[in-house]
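What TrEMBL records for 4-37 is domain 'Putative zinc-finger'. Summarising the annotation, TrEMBL assigns transmembrane segment to 86-107. The feature region 'Disordered' is assigned by TrEMBL to 108-145, 157-177. Marked as compositional bias 'Low complexity' by TrEMBL: 125-145. Marked as compositional bias 'Polar residues' by TrEMBL: 163-173.
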Amino acid sequence: MMTCEEVRVALGAHALGALDPDEALEVDNHLATCEECGAELLDLEGVAAFLGKVSERDVELVSSPPRQVLDRLLNARARRSRRGRLLLAVAASAAAVAVGGAVWTAARPPSGGQATSVTAQGPMADASAAQGTAPPAAESSEAASAFAADGNEKAMTKMNAEPSPSGSATTGREFSRENGGYRATVSAFPGANGTELSVGLSGVPVGTTCRLVVVGASGRRDLTQSWTVTRETVRDKSVFRRQTDLPMSDIIRFDLVDGSGKLLVRVPVRDGK
């Protein structure tokens, strides 16, 4: 009996009629009982019909395009490369000018009365030195350093305070269920295009291929991307992040299945489902 993954690998050849009769019969038997694989075959049949319209001349053009087409593509690529190098040089020059201006502004002594006190000679300058007054240039440098340190501190505080893309814990929900030593914990967070999911496992043997099936109230089953349990994921207690188009309010349960489609753990979202 072929698994869903094996059937989907062979669907392309089956749609083109390139499978052996025995293998084609086995694929047909699986398609008779699996709606997901049948839907994928319908998509591929449209591609097969499109390929039937391709002529031998079209194939020759793809395998050996005209020389003028290749020359035009190469010339366009060369122009883009030259334009990219020019823009990079302009950006580097602008950055150097900006840095130089900032350094000059920080090191320049203040204008007005403070500058006069720096250049003054005689008793007034000696009095300033005797009272331990720091030169204005030093004060400006210290102020610039303090401002930079304060800005860095504020930037770090803001960065730490901002939530991560998956940090919607305030509106998320967590569901957990155990079955025969297998335990699955699913955290669901409303997203812009559906629902963000985080799946944690325990008790599942190393080498097991897993997939989370999201079931909606209307009976729709959304298959997420599969993953394989490894020694590293077990040791690190890894969480697998997935996404579904179904809104969180429409989800009634999560089914954790293995690579053959066998149910490992059923995690209900609503009571009685």
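Positions of Cβ are set from backbone N, Cα and C atoms, glycine also.
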The domain 'Putative zinc-finger' (4-37), counted residue by residue under DSSP: helix, strand, coil: 26 helix, 0 strand, 8 coil
Model confidence over the domain 'Putative zinc-finger' (4-37) (mean pLDDT, whole number): 81
